[in-house]
Amino acid sequence: MKKPNYMFLNILFVIIGCIFMTYIETIICPDYWIKSIIKAITFLGLYCIYNKIDKNSVSKPIKQNKKSIIFYFVLCICVYAIIIITFIIIQKIYDFSNITSVLETNYSIDKSNYIYVFLYISFINSFLEELFFRKFAFLTLAKHSSFKFANIFSAAAFSIYHVSIIKGWFSASLFLVIIVALFICGLFFNYIDSKNKTIYPSWLIHITANLSINTIGIWLFTLK
């Protein structure tokens, strides 16, 4: 029996997941919770199907020592502070008032439910994205391709995936900056995970980044 082309299947499944969720985001446009259920089923489903085909896709994580745990804890604090400080600086340059209107119109997120949505985004949604874009699109793909290709592909997929999500939130110039920043973040997350053979470090940082962004979101909602 011919051995499956795991690299091709891995890339194909990631592209299918991104295209399908872009279709859901831009054409179907369900409210946030329906979209979240679809996303969870799609990302987990594609990941699990691939693992059934590629029996060697699961890696054993490197055990973390006390020093590395402290390092990531401090790094998370720095990430939170940097994002908040950056927002304080650029809010004088860019207008963020449109964000809450887009969330209310497109996702039915308002003052009555935004706390629950922001908590979900911070902890659950971040895990789904780390599993799909870091574990599946990077760590698993790197076993069947070059490290460089998997690194760039994963970061690019992570960045492009967010285009349909945040379109209309910002001015064109800030939108472009954020998409490039997401690509760079993807490369950074990949680097961290490649050293540990697990997504937990990047997930922890992703949670922190989302918490800081959602802190800003809470502040924007209180202004309405």
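Glycine too: its Cβ is placed from the backbone N, Cα and C atoms.
What you are looking at is a predicted structure, and each value in this text was computed from that prediction instead of being measured.
Straight from TrEMBL, the features:
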DOMAIN    113-211  domain 'CAAX prenyl protease 2/Lysostaphin resistance protein A-like'
TRANSMEM  7-26  transmembrane segment
TRANSMEM  32-50  transmembrane segment
TRANSMEM  70-94  transmembrane segment
TRANSMEM  114-133  transmembrane segment
TRANSMEM  145-163  transmembrane segment
TRANSMEM  169-191  transmembrane segment
TRANSMEM  203-222  transmembrane segment
Selection from 7-26, 70-94, 169-191, 203-222, the stretch that has most Cβ pairs under 8 A to the transmembrane segment (32-50): 7-26
Mean predicted confidence [pLDDT] for the domain 'CAAX prenyl protease 2/Lysostaphin resistance protein A-like' (113-211): 95
For the transmembrane segment (70-94), distant same-chain residues with Cβ under 8 A (at least six beyond the ends): 170-171, 174, 201, 204-205, 207-209, 211-213, 215-216
DSSP-derived helix, strand and coil totals, residue by residue, for the domain 'CAAX prenyl protease 2/Lysostaphin resistance protein A-like' (113-211): 86 helix, 0 strand, 13 coil
Stretch of maximal Cβ-Cβ contact with the transmembrane segment (7-26) [cut-off: under 8 Å; candidates 114-133, 145-163, 169-191]: 145-163
